[in-house]
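To start, the structure itself, in structure tokens.
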Amino acid sequence: MARRALVTSIAALVAVLLLATPAAAKLTATYYQKTCPKAEQIVSEVVTAKQITTPITAAGALRLFFHDCFAGGCDASVLVSTNAFNRAERDADDNVSLPGDGFDVVVRAKTALELQCPGVVSCADVLALATRELLIMLGGPFYHVRLGRKDALNSTAASVEGQLPGPSMTVDQLISLFARKGFTAQELVALSGAHTVGFSHCDQFASRIYAYDGRDRNAHDPAMNPRFAQALQKACANYTKDPTIAAFNDVMTPGKFDNLYYQNLLRGLGLLASDQALAAHPQTKPLVQLYAANQTAFFRDFAHAMEKLSVLGVKTGRKGEVRRRCDAFNNLST
């Protein structure tokens, strides 16, 4: 048993060292100190105004950031629009439901930065900073964001397949996916806590609330709280006709970043099958219980995981560019 634990620890250490790429090492907290000293202040002011007028912005930006980083690295490739020459990442099947407000807040911040410091701050850095600032507004933890990312020179829908966690994945599949990116099971559970805000469309969990047994239309996943399942059945009744119908991931405090997501899982109030499964798997259940009981521990581990996520697969130097517009490459032929 001790030998297995040692092997696991060594594997995790190797994964972390692999993430410590030369590109990530070039990022610094003071990257724009001389070229755009007010960059962080400008981003903060813009995202604050956007969040106040549109409270779902923070959850949208967080999801956008995760999808960008996990599919090819934190390089703003998900922000690029499809054109006549290329079907971009944002139009991949796993990305078509990304909230428009996440894209919009980045565009607004980038526009403000271009007026102050044209051609200096990358879209990848804007997205990373905006996500951190918006999470803080929801009551989430502060974490350091190192800067100096360059924007990707390519973005293809095909590159997204198999890179992102799905709502029906088993815990073993999730652990394997995160391990390939260099993340531990603990970091998987901590990052999953981001589902304490935001919403999911009914088609993402319909199989849990309708005909779960394959026969009875009203049969739901027995892991779900019965009253919760019945309420969702009513709320999603017309989801096949209206695919925009959605439910909050955290039914208790949907607009606050806290640890109720984990408490909900222990009560059978998890919305997605992949989330609820975390509370039953022997490798992740103790972590769900820990974070449900201790918000300080959750915030600490979430902050560390976000710092690690924010440097995943970053581009620097000539491997990227600083886009003038976040939705288009500087060179159309790129």
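Backbone N, Cα and C define each Cβ position, glycine as well.
TrEMBL annotations: computationally assigned, not manually curated.
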Cys202: disulphide-linked cysteine among Cys123, Cys236 [source: TrEMBL]: Cys236
Candidate in Cys36, Cys69 joined to Cys117 through a disulfide, as TrEMBL lists it: Cys36
TrEMBL annotation, disulfide partner among Cys74, Cys123 for Cys69: Cys74
Close in space, distant in sequence - Gly73 (Ca(2+) 1 binding site), Cβ under 8 Å, 6 or more apart: Ala152, Leu312, Gly313, Val314, Lys315
Winner by Cβ contact number (other Cβ atoms within 10 Å) across the recorded positions Arg63, His195: His195
Cβ neighbours of Thr253 (Ca(2+) 2 binding site) where a neighbour is any other Cβ within 10 Å: 17
Integer average pLDDT (0 to 100) for the domain 'Plant heme peroxidase family profile' (26-330): 97
CB contacts for Thr196 (Ca(2+) 2 binding site) [other CB atoms within 10 A, all chains]: 28
Winner by Cβ contact number (other Cβ atoms within 10 Å) across the disulfide-bonded residues Cys36, Cys74, Cys117, Cys202, Cys326: Cys74
Glu89 (Ca(2+) 1 binding site) CB neighbourhood, other CB atoms within 10 A: 29
